[in-house]
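K.L.:
Starting off with a structure, shown below.
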Amino acid sequence: MKKVQDFYFKKAKEENYKARSVFKLEEAQNKFKFIKASDNVLDVGCSPGSFSQYMLNKILKSGSVVGVDILPNSFAHQRFTFILGDIKDMDVTTFNNTLFDVVVSDAMPNTTSDRETNHFRSISLCRSIFDLAKEVLKENGNFFIKVFDGKDLQDFKKELSEYFNSVNVFKPKSSRDESREIFLFCKNFKKLR
């Protein structure tokens, strides 16, 4: 456990990334290839910026990232725009009616020592993020989101499957073994009429 944490923590520092979470996105991208070089991406819960940093440095050659978070972000890049605020107060007009090719989120709620409470808070946050994603994702866009595993996961996956051609559960090697975090990769968004 600790060795894995130390390895990814050190690797992030060596590669000048803001957080070890970057390797979770890197693993998912290597597996699913869901972000293309020209994509416009919305990064929800983007602070401290490692997802955005990775996408702009390694994948997006002409694309851009808009990051949103309730916490300030110190990451800067010419193709990165940061919006400070709560996603529950946002809609497509927040982004000047721009639609995104991909929405990613490594956001997590405030946690407690109770795993079940953490799961329910995570599902609630994910549903709020998904509500925003439904407004801002392009047809056939992709959605990648962190969630804490638990008893409401299957219901949430079922909700997602109504809007996407496929929903895959992904547990990165860079996640801590004891962590209940998993990611859902949702491919090819379809707007329900």
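Quick reminder: no glycine exception, Cβ is built from N, Cα and C everywhere.
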K.L.:
For the S-adenosyl-L-methionine site that Swiss-Prot gives with GLY49, PHE51, ASP69, ASP86, which of ASP101, ASP106, ASP114 also belongs there?
P.N.:
ASP106
K.L.:
So which one is it: of the binding-site residues ASP69, ASP86, which has the fewest other Cβ atoms within 10 Å?
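P.N.:
Result for the binding-site residues ASP69, ASP86: minimum number of other Cβ atoms within 10 Å at ASP86.
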K.L.:
Between ASP86 (S-adenosyl-L-methionine binding site) and LYS146 (active site, proton acceptor), what is the CA-CA distance rounded to a whole number of Å?
P.N.:
17
K.L.:
In Å, rounded, how far does the Cα of GLY49 (S-adenosyl-L-methionine binding site) sit from the Cα of LYS146 (active site, proton acceptor)?
P.N.:
15
